[in-house]
Amino acid sequence: MYKDVIITVDNPRQFLMEGTDDPDLKPEQACFQVFIEKNDGDFTECSSCSRSLAESLSDFRSRTRTHYWRNKLQFILACLGCSVGLGNMWRFPYHCHKSGGGIFLIPYFLVMIFCGIPLLYLELAIGQFTKRGPISAISKLCPILKGKRIRVGLSSVVTSFFVSVYYNVIIAYTLYYFFSAIQNQPPWVHCNNRWNTHQCWTTGFNTTRPLDSRSPTEEFYNLKMLQITKDPNTLGNVRWELAVCMFVVSIVVYFKLWKSTESSGRVLHLTATLPFAMLAVLLVRSLMLDGAEIGLEYFLFKLRWELLLDSKVWVSAVGLNLSSIGIAFGLVISFSSYNRYNNNIMVDTVTISLINGVSSFAVGLFTFATLGNMAKEYGKPVEEVLPDGPGIVFILFTKVLSTMPYSTYLSMLLFFMMFCLALNSEFAIVEVIVTSIQDGFPRAVKKYLACHELLVLVVCCASFLLGLPLITQGGTYVFQIIDYYTSTWSVIYIAFFEVIAVSWMYGGNKMAADIERITGMKPLWFFKFSWYITTPLSLMFVWAFSLTDYEPPTYMNGTRNFPTWVHIIGWSMVMISLACIPIMSVHTFLHSEGKTFYQKLNRSIKPRSNEFGELPMASKDNLKEMATLIECKAPQIPPIIVFPETVKNSKYNNL
């Protein structure tokens, strides 16, 4: 329960208007700020806004968090389940395979040290001390990246929406594999299925191995699930089985988020840890396969050093680091906003980064140990066993599972865990999108959608409909293009402006001082140096070199090129994301107070709060923002406003 907060004012108008930066704001439109003290001694910072003074005592919404993670383990598991787990198990094998194998580890870990870890620490600090999501957090630190209606998080939200579209496809794949495994013998174990060709061969198949032989796991993925077309110019028909799976995924996401319910911590303990346990089992099994040493030698010792001069490898390393940790998508800021002020950020940063690095290396060992086994079995070089593509992990997982006892049950367990792992990511991404739309376009949402449930429905339906082209017979080509452009180019751009906004505009030294003031621990000099120098320079150089040395992505190990229209789709998605930041910056600058260029620039860069973690005073933009917030679930007692003329002969005279 909360204690009553008594506020006595002599001048109601002066009280309501104090600190307001809009001289035309009427008293009945103003906001006031209070702190509500809970019995445990913590303070929950709330701001209330009303259309009239009478309504202000009963109708207000909280901007800050009233719920916290139960413990540090739950927070770590949430971060691992929503970013690290799926990012490593699905994306890392794909990017490592197409980037030359073990040589990819060098740029990957260098980028992690000088970009990933400093950015993770920064986003954890931003969310924890502002107690806001990605939309409001950065805009409070640097208003020029906000705008009246378009927010700084719009670029992240647009990119996150594109990611949510193809995450739906990935989840549909896992669901399809789960249902396909429910039989006495999974269909990817043998070559006696109707879709198998004469090229299908396995060691248990009593025929002579063809020269151009393929594994049944590869044919199941390409010929059964995808029914892939040979010509990328032809999309073909929609795979109705995948469409049904994706529809089920959309329904699950909708009913999970339509009331903004919170995930159970006990469920997180299962869905976020069991996939890593399964990965450990698969890794041990892959290392025991015949020919695993061939793949490990290629991965660890036969390094193609010339690829370090290829900008595409560095772009993949940066994009994979940011996506695997969850940087620039708003997930880390959202999760950390539910941490307490005195939470040790350094412990979270080291733990998440260490697990991310170890799991990436483990997935790399598993990938190339399995490829080595397939290389020996089919008489091919390691780099030519499988064509590059986002589905390589499904082929490798089923290959190892087919060699294990109780493969049916283990397959069902693995793909169910991957299904839960991917759903955690999708829940978080869609929640960020929905909340961002509510914050950024409150009037439009209220006018056309009326309620939160309808907004969630619109987002889920849009994600489902835009995902249909990706599950056509030729949709995998479009899928690869979207993954390449949105998960690498866009996130690098967003991360660059994020670190510039905080370190150079808000101030890296001020950020460090705020962290020390609240947590009692001074950040390492490495983080400040990275925020100011190494991180923005690294992101800028990778971005610049990738543009000057740009080569269109290819498929089938570089032997085939995508058609022009596919690249147009990819670049259009990038430009939609990139255009948000300059447009909103110019808009904010032109509408800032001041007559000269310097005055407008200073006003648009100056933070909206005096101290990091405090709410700004009232403004028109702040009113719009607070009017669209999700209601606090914990009961709150509004402050009692007592004016002098009403307190005569009352019990408050002695206050």
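The backbone N, Cα and C atoms fix where each Cβ goes, and this holds for glycine too.
Listed in TrEMBL:
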type	residues	note
BINDING	Gly81, Val84, Asn88, Ser324, Asn356, Leu421, Ser425	Na(+) binding site
DISULFID	Cys191-Cys200	disulfide bond
TRANSMEM	73-90	transmembrane segment
TRANSMEM	102-122	transmembrane segment
TRANSMEM	154-179	transmembrane segment
TRANSMEM	238-255	transmembrane segment
TRANSMEM	267-288	transmembrane segment
TRANSMEM	313-333	transmembrane segment
TRANSMEM	345-371	transmembrane segment
TRANSMEM	409-434	transmembrane segment
TRANSMEM	454-471	transmembrane segment
TRANSMEM	491-508	transmembrane segment
TRANSMEM	529-548	transmembrane segment
TRANSMEM	568-590	transmembrane segment
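Cα to Cα, Ser324 (Na(+) binding site) and Cys200 (disulfide bond) are separated by 34 Å. Here the Cα atom of Cys191 (disulfide bond) is found 30 Å from that of Asn88 (Na(+) binding site).
Same-chain residues with CB within 8 A of the center of the Gly81, Val84, Asn88, Ser324, Asn356, Leu421, Ser425 CB atoms, the Na(+) site residues themselves not counted, are Leu80, Cys82, Ser83, Gly85, Leu86, Gly87, Met89, Gly326, Ser359. The transmembrane segment (102-122) makes contact with the transmembrane segment (529-548), as judged by at least three Cβ pairs under 8 Å among residues 6 or more apart in sequence. Of the candidate ranges 154-179, 454-471, 491-508, 529-548, 491-508 has the most C-beta pairs within less than 8 angstroms of the transmembrane segment (313-333). Counting same-chain residues at least six beyond the ends of the transmembrane segment (267-288), those with a Cβ under 8 angstroms from any Cβ of the stretch are 73-74, 77-78, 80-81, 85, 89, 296, 359, 362-363, 365-366, 369-370, 373, 397, 400-401, 403-404, 413-414, 417-418, 420-421, 423-424. Here the transmembrane segment (409-434) touches the transmembrane segment (154-179). Their Cβ atoms form 3 or more pairs under 8 Å, with each pair 6 or more residues apart.
Among the recorded stretches 238-255, 345-371, 454-471, 491-508, 529-548, the one sharing the largest number of Cβ pairs closer than 8 Å with the transmembrane segment (73-90) is 345-371. Rounded to a whole number, the C-alpha distance linking Val84 (Na(+) binding site) with Cys200 (disulfide bond) is 35 angstrom. Each of 238-255, 454-471, 491-508, 529-548 was scored by its Cβ pairs under 8 Å to the transmembrane segment (154-179), and the highest score goes to 238-255. Count of Cβ pairs under 8 Å against the transmembrane segment (454-471): among 238-255, 491-508, 529-548, the largest is for 238-255.
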